[in-house]
Amino acid sequence: MAIKKRSATVVPGASGAAAAVKNPQASKSSFWGELPQHVMSGISRMVPTLIMGGVILAFSQLIAYSWLKIPAEIGIMDALNSGKFSGFDLSLLKFAWLSQSFGGVLFGFAIPMFAAFVANSIGGKLAFPAGFIGGLMSTQPTQLLNFDPSTMQWATSSPVPSTFIGALIISIVAGYLVKWMNQKIQLPDFLLAFKTTFLLPILSAIFVMLAMYYVITPFGGWINGGIRTVLTAAGEKGALMYAMGIAAATAIDLGGPINKAAGFVAFSFTTDHVLPVTARSIAIVIPPIGLGLATIIDRRLTGKRLFNAQLYPQGKTAMFLAFMGISEGAIPFALESPITAIPSYMVGAIVGSTAAVWLGAVQWFPESAIWAWPLVTNLGVYMAGIALGAVITALMVVFLRLMMFRKGKLLIDSL
C-alpha cells in the first residue's frame, strides 16, 4: 500500500490497496516544470530559520562590539576570559555569548531544513527525514576513512562540505527515491506501520549515507574547494569578480531561488572566512531603495509621472523594507515592467556593491541592512556604495520608462 499525500484523491482497488487519482493537469507537468516549485517550497520554509538565526546573531554582535566596545579582532569568549568585565556588563557579555552560540546553531539548521522540505514537497512526509539527513551531511559531512601505507594505519580526514550544492542534489534525489519506493513496495495493510516507520526510513537513510559519502560530498566539495582556490589565488581581482557575481545573483530575482543560492554561497565563504559578505548585503538593499527613489524623482526629472498610481506608495514601502534588509518590496515594480526594472536594479546593485568592495568596505557578519551596519568596516564607503547603486537604479528606471512612454510602449494609470 502506497502512502499518498493528503492532496491526492484515494479510491480502493480490487485488492484492497489504495490508488491515487492523479490530477490531469499535474500529470502533464514535466520534471523541470515541477522542480522550481519543490525548490521554492524548501526555500520558503528555510527563510524563518535564517531570520531567527540572523537576528539573534545580530543581537550578540551588537551587544559585544557596539555596546560593550570590544575590539573587532577579539572574540566574545576571549573577552569573557579577559577579566575586564564585571557586574551588568559581564551579564550582557554572557547573554551575547549565549545568543552567538544559539544563533549559530539556528544558522546551521538552515540547509538541512531546506533539503528536508524540498524532499517533502517531492515525496511527501516519508521523504522528510531523508532530506533532512542529506542536508545535515552536506554541512557536516562524514569523516573520510583513509589508509596510510607509510604507517600501515587507518585514519580519518575531514572532507570539504558540499553545502548548498549537495543539499539541493540529495534532497531532489531522495525525494524522488522515496516517492518511487512508496509506490513500488506494496505490502498488506497490517504491515503498513512497518513500511512507514521502519522499512522506507531505513532504506532511504542507507541510500543517503552512501550517496553523500561516495558521490555528492566529493563532487560538491570539489566544486566548492575549486571556487575558493580560484578566488583566493586571484586576490583583489578575484574578490571584485566575486562581488559582481554575487551582487548580480542577489539582485536578479529579489529573494527568489537564485538569490537564496547566492546567499548560501556567500554565507559559506563568510563562515569559512574566505571572502566577506559585503557585496551580497549591499545588493539586497539597493533595488528597493533605488526603485523607491525613482518614484520620488521621476516628476522632478521629466515633468511626468512615469509610474502607475498604486506604485507610488509601494515605492515608499519598498524603501522602508530595504532598511530592514527585505528586498521583496521591489517585486511589484519588477512584475509591472520587468524590462525597465530588472536591468536597472541589477546594474545598480553590481556597480554599488563592487565600488564599495573596491574602496575597502568589509562586512563579515552575515546579515543585511540596519542589523549589520554597526559592524561594518569603513561604513562611510559602504553607505556610499548603497547610495551610488540606488541613484543609478533610480535614474536608469526613470529614463527607460520615459523612453518607453514616448514610444507608446508604456501605459501609465495616473489616477
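Note: Cβ is positioned from N, Cα and C throughout, glycine not excepted.
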Tell me whether SER30 and LYS125 fall on the same side of the membrane, as recorded in Swiss-Prot. yes
Secondary structure of the topological domain 'Periplasmic' (148-157) by DSSP, residue by residue, totals 0 helix, 6 strand, 4 coil
Going by DSSP assignments with H, G and I as helix and E and B as strand, what are the residue counts for the topological domain 'Periplasmic' (68-101)? 21 helix, 0 strand, 13 coil
Other parts of the chain folded back onto the transmembrane segment (277-297), taken as Cβ under 8 Å at six or more residues beyond its ends: 242-244, 246-248, 250-251, 254, 262-263, 266-267, 269-270, 307, 311-312, 314-319, 321-323, 325-330, 333, 341, 344-345, 348-350, 352-354, 356-357, 361-369, 372, 376, 382, 385-386, 389-395, 397-398
Against which stretches of its own chain does the transmembrane segment (158-178) lie, if we need a Cβ under 8 Å and a gap of at least six residues from its ends? 35, 38-39, 42, 111-112, 114-116, 118-124, 126-127, 130-131, 134-135, 137-144, 200, 204, 207-208, 211-212, 216-225, 261, 264-265, 268
Would the transmembrane segment (342-362) count as touching the transmembrane segment (238-258), i.e. at least 3 C-beta pairs under 8 angstroms with sequence separation of 6+? yes
